[in-house]
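The next block holds one structure in the form of structure tokens; read it before the comments.
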Amino acid sequence: MNKVCMIYTGGTIGMKKEEQGYVPKKGFLAEQLSLMPELNYPEVPKFDLIEYDPLLDSSNIRYEHWMRIAEDVHRLYDDYTGFVILHGTDTMAYTASALSFMLRDLCKPIVLTGSQIPFGVIRTDARDNIISSLMIAGEARVPEVCVFFGNKLFRGNRSMKMSSDEKGAFESPNYPELAESGVQIRYFDKNIAPPGRELIYTPVGEQKIAVLKIIPGISYEIFNAIIDNGLDALVIEGFGAGNIPNLNGELVTLLSKVEDTQTPIIICTQCIRGSTLLGEYETSAQLKSINAICAFDMTTEATIAKLYYLLSKGYRGEKLKLRMETNLAGELTR
Ligand code: ASP
């Protein structure tokens, strides 16, 4: 008999409105689940619920919380057919990306889901998201960390939160969907990774990572302070294929400072679709010449999670660059 482990970490799905706004409420999700007769249908796998304490709005999630989830999945891995992680939508794509690196070689599904409208509010999307996620986790046809939202299943490290109010809040712009839940759940096998052999769990530690979003007329000076502050990595979100303005040599000064401190620089694109390609335009040539790391078509979320993973494993310099630019867990097309 298939059995799923469901972990509730917090997020809108189990929130109630208080004076200061929506907050996750202890015991509320379990109470709402007990009011769902659908969960007793034979098609829906049985599940155990683990509720974290404290429950978090996902804006408050940090690497320690990724660790807690990964450790729990690792510890309980043999006891369940699959896992459903209920999580706030705001940083779900970061957590899904982080888990995809921390839990490698999966042969069971880890499905992250949540809702845009809390349980107990009319027109909530919590019910559908939970039932479909439980069924996907119980059917065990997707040995990946994935995100289920708005009837679609996405690869976790390719997913992005695209809308703050639509029920279809997520997309994976650079990778096709893994499954779709219509009348039936339809799996797109050719998009799904093959199962791994044995789960490899890697913990991550604190890393000081900053993201610099390039804007027209940016003044690089203001970033001097951040760079002086012992950064472990600097992610730059450039325009288009990774282009950045070189204002009267300001950029060169900034970059040479970064180079002196051996801080890795990773170039992502602000575009939702497509890939970074350094050296295509003169405006990215300098980045290439200082050996900046190219994120190709990785999302910024996956880039940050991958940095946590690789820096925690001790990779630096050329070794870090090589791994960042290599596909490790389905996060990058090359
Ligand atoms: N702020 C909430 C969270 O991320 C939003 C949500 O769950 O939809 O926890």
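Backbone N, Cα and C atoms are what each Cβ position is placed from, and that goes for glycine too.
Given the structure is predicted, the values throughout are model-derived calculations rather than measurements.
Record features, source TrEMBL:
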- Thr12: active site (ACT_SITE)
- Thr89: active site (ACT_SITE)
- 3-190: domain 'L-asparaginase N-terminal' (DOMAIN)
- 208-321: domain 'Asparaginase/glutaminase C-terminal' (DOMAIN)
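Note on Thr12 (active site): other Cβ atoms within 10 Å of its Cβ, all shown chains, come to 24.
Proximity of Thr89 (active site) to non-local residues of its own chain (separation of 6 or more, Cβ distance below 8 Å) is seen for Gly11, Thr12, Ser58, Gly114, Ser115, Gln116, Phe149, Lys161, Ala169, Phe170, given in sequence order.
Shown for the domain 'Asparaginase/glutaminase C-terminal' (208-321): DSSP residue counts in helix, strand and coil, namely 49 helix, 20 strand, 45 coil. Under the DSSP three-state reduction, Thr12 (active site) is assigned to helix.
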